[in-house]
């Protein structure tokens with residue numbers, strides 16, 4: 001089982017593949033000589049972010065000469081490195097790295113566009129003076145339309161000039177043009193010849209591309225493919241290491257050897273290659289020439305989707321496998337909610353339908369609201385009427401009936417209005433959401449709906465209202481419905497109204513005492529004012545009882561409103577999760 005560094009917390013796949021990013025001299029209390037050539041791209045990225053120049057240079061080297069572009073990208077942020085413009089002006093290899101990186105990271109395109117606008121003339125000038133690396137970079141800028149118009153013929157012209165000077169980057173990219181017939185006539189033999197020329201410079205990228213050409217040509221030449229993959233793998237090219245492992249695992253053109261397969265997969269996985277992690281996890285799951293270890297398999301799969309910041313086919317494969325592990329409780333505590341989340345994210349509808357079935361039940365008939373003969377036809381009018389009555393009383397108390405005003409009365413009315421307004425907002429949010437749906441339901445005779453009840457931080461939740469089952473999928477939907485449930489509390493409103501009635505009764509007793517004193521003092525004018533105040537208190541009491549009755553009735557009507565709008569929420573859910581219903 002892998003361990004984690006006591007200092008930085010990162011996974012230590014092996015002592016040779018870890019350098020602590022918090023302590024430059026120690027790994028778990030042991031003094032280590034730092035060797036940037038053998039630490040992972042993730043760790044290099046963290047160090048580079050702290051402007052460790054050696055780490056930055058190693059990242060550039062791996063992008064140029066190996067296949068770092070297929071590895072973890074989460075910590076590689078050259079835009080934050082110091083003096084990148086000056087470095088790019090002085091170093092065409094660094095410019096190549098920035099071009100390579102920018103192409104795969106659209107999120108930085110605005111910043112990089114400005115950067116390359118500055119660099120374009122510098123690259124063009126250097127290319128014209130015969131700098132083979134600048135010629136290659138200029139070709140790439142024309143090919144991708146970076147700081148200039150796209151022009152594939154100019155791209156080929158400058159990359160050919162670079163290749164003519166035996167520049168290995170120019171050679172392999174010109175080979176790609178011929179391999180795919182991009183701007184030139186398709187010519188696999190020409191592509192192979194160019195790659196062999198680059199391979200003679202011990203260039204692992206060229207060796208890998210040669211291996212791929214021989215592997216996928218018609219007919220394939222597996223022996224030559226293995227030869228070139230082996231050469232690249234020996235230079236730490238992770239994708240080549242993966243293919244060497246596949247050769248040994250399948251026994252294609254070499255003797256089947258699971259130990260060697262595990263060895264090469266471990267090397268590639270240690271660098272962060274997702275495909276290798278998934279294949280290695282499979283071997284641990286099945287116990288193929290390694291001790292069966294579900295926990296190890298889970299760690300590998302989990303790191304492939306959460307640790308590397310990529311989003312590709314292999315992420316979806318890993319998510320599907322992880323979902324099955326969560327569903328069965330293999331290597332991790334059983335969690336159906338998490339399994340559903342991963343199945344949905346991986347777009348694996350086949351497995352989703354083992355848990356859910358699609359329903360056609362909807363509610364499309366609008367409700368009619370009849371609350372104490374108010375002739376209201378919809379819930380919006382009822383809400384407006386309740387809000388109006390509450391605000392009417394608050395304004396009267398504050399500006400016209402100041403003699404019976406009391407903070408407890410005002411605060412209770414304000415609390416009722418705030419709680420009711422909050423409930424209205426939640427109703428509107430809910431009916432415009434994809435929560436509380438019934439277009440999906442749990443398969444019958446399964447324990448899934450019961451399992452989700454016991455899940456902390458659930459992604460899926462199951463509710464029953466008025467004998468109708470609803471499902472929520474997604475953290476935001478669950479949070480919304482939980483908040484709605486919390487505010488949909490008749491007892492909360494009842495308690496506030498009890499406080500309000502108590503405050504009004506206290507004010508009524510106070511006025512009765514005032515009236516007795518006024519009678520004793522024979523103060524007729526004051527007596528009339530107090531009688532008027534008592535009438536106002538009775539009016540407020542009668543109105544609050546009516547509002548209370550309407551609010552209790554509103555809660556019941558609200559549930560009917562949610563029921564009648566289920567079809568709208570179903571449609572919204574189907575739009576958000578179109579792949580489940582086969583719409584995309």
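Glycine is no exception: its Cβ is also placed from the backbone N, Cα and C atoms.
Since this is a predicted model, take the numbers as computed values, not measurements.
Copied from Swiss-Prot, the annotated features are:
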- 132-167: repeat 'Sel1-like 1' (REPEAT)
- 168-203: repeat 'Sel1-like 2' (REPEAT)
- 204-237: repeat 'Sel1-like 3' (REPEAT)
- 238-273: repeat 'Sel1-like 4' (REPEAT)
- 274-309: repeat 'Sel1-like 5' (REPEAT)
- 316-351: repeat 'Sel1-like 6' (REPEAT)
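Across 168-203, 204-237, 316-351, stretch 316-351 shows the highest tally of CB pairs under 8 A with the repeat 'Sel1-like 5' (274-309).
Look at the repeat 'Sel1-like 5' (274-309): DSSP puts its residues at 26 helix, 0 strand, 10 coil. Here the repeat 'Sel1-like 3' (204-237) is broken down by DSSP into helix, strand and coil counts: 25 helix, 0 strand, 9 coil.
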